[in-house]
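As annotated by TrEMBL, domain 'O-antigen ligase-related' applies to 215-362. The transmembrane segment annotation in TrEMBL covers 18-40, 52-69, 81-99, 105-128, 140-161, 256-275, 346-368, 380-398.
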Amino acid sequence: MPLLSDSDSSYSGLRSGAFWGLCAFSVLNPAVTQAGMYFLPSGIAGYSPMQLFQGVYLVVILATLPLICRDATSLSRQFKWLAILYTAGLCAIHVRIWAMGRTPSYLATAERIVCLRIIMSCLLWYYVSLLVSSPKHALRLMNSLILGGSVCAVWILFFYFRQGGSVAAYAASGVEASFGSEGVSGKAVAGLLLSSAVGMMYMAIRNASGFRAVGVLLLLGALFVTFDRSAQVAVGCVALWSVIWWQRSCRPRSAMRVMTVFLVGLVLCGSVYLIHRGTDELIARWTFDFDRGEVGSGRGVFYTTAWRWFVWDSDLGDFVMGMGFANIHELIFQHTGLAVHCHSDLFDMIVMGGVFGLVLYLLMWGVLASTAMNVPVRSVEFGAMGAMLAAFGVMSLLTGQMNFPLTMYPLGAQLVCMRVLALSSDAACSYEETAGWAPSGAMDSLPAHW
């Protein structure tokens, strides 16, 4: 075997260092988000510790990205173009509205931060697609992502049991909920916990680990005490998808054991909660609207307002390029009296970017869905990827997720990791161990290289 040249050794060392830095970021990002809001609630120079931490890592990504993009794959090229189009598109939308003097001065910085967060998520996905090229890397990053989600879950449960409900908006309806530290976004941590739970269940089935199945209960418990309704709907959709997939899956024997442990634990935990807390809080959360005093949280009004503006009230320029993120709050306020966004990534992108924003949103969905291409339909990886996309779809449409790298990064990263694991030779061999059955074409569908 020929010796590596100095340049090849440096390149390999750089990739290794970048990968371990990515793993560290995966664990620390949720921890910094929670701990930062607890110890430094006022932030530093007007920015939260989470924003500063993510900003520093964004600089690291931009500095190392040109040096590690030598081994691009078809999937990484898709993420590359997604990042380029989102960067160019969001910058064009913001500059247009700013140049026209339509961006409120007190919201200009907030709009730039929102755009930067969305762009950072796309860059992180591209970064992952470049660095995760083997099953070993995929497993290590998956474990790091799940560990980060578990740290967030423990933090949330600790505050829930220590001080009860800390979400003032829910207290009016008698609901004691916890997002962890005060000031942390509930929808962001809910999305993180949900994707981590799906990833943990996948790893539990892959490794035949009852311990990891218990870890899923920890994540779902923390998710439940956030009392996020869109997350509860997403859990229902994931459960429905899992039942449908299970009927057509290879049903490995290890999965049967893991599911038994999980379901028994779920029944026990649910019974203990019902005995001590009952169903009053859950019913109140669904029947008392703290915003408008109506069932439904006003989302129907938000969506109708956004769609009516897009179709009937916008001029040609706004129809094509939108009105920018900062003006969404003003639009909703004029019709509802609430200065909020649309509570849906779809309608936020339509109002923010018009037709161009809608195209960007659909393009993101296309790239995320493409990670499942050529993955055997009956494999555990396909089932987990479908569950993750279903969960994100519900959360994205019903509450909005794109503004939070805390949620978006683990989603795309785990999809990439599952793809690598599904198309590896190890995955093909594992089919031979599943109750004496292997999916048709599973061995033939594996590419010569990834």
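Cβ coordinates are placed from backbone N, Cα and C, and glycine is handled just like the others.
Keep in mind that TrEMBL annotations are predicted by a computer and have not been checked by a curator.
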(request) Determine which residues of the chain contact the transmembrane segment (256-275) at the Cβ level, with the cut-off under 8 Å and only residues 6 or more beyond its ends counted. (result) 201, 204-205, 208-210, 212-214, 216-217, 220-221, 224
(request) Look over the recorded stretches 18-40, 52-69, 105-128, 140-161, 380-398 and say which has the most C-beta pairs under 8 A to the transmembrane segment (81-99). (result) 105-128
(message) So if I exclude everything within five residues of the ends of the transmembrane segment (140-161), which remaining residues of that chain have a CB under 8 angstroms from its CBs? That is, six or more out.
(response) 19, 22-24, 26-31, 33-35, 128, 131-132, 176-181, 189, 192-193, 195-197, 199-200, 202-203, 215, 218-219, 221-223, 225-226, 410, 413-414, 417-418
(request) Could you tell me how many residues in the domain 'O-antigen ligase-related' (215-362) are helical, how many are strand and how many are coil under DSSP? (result) 115 helix, 0 strand, 33 coil
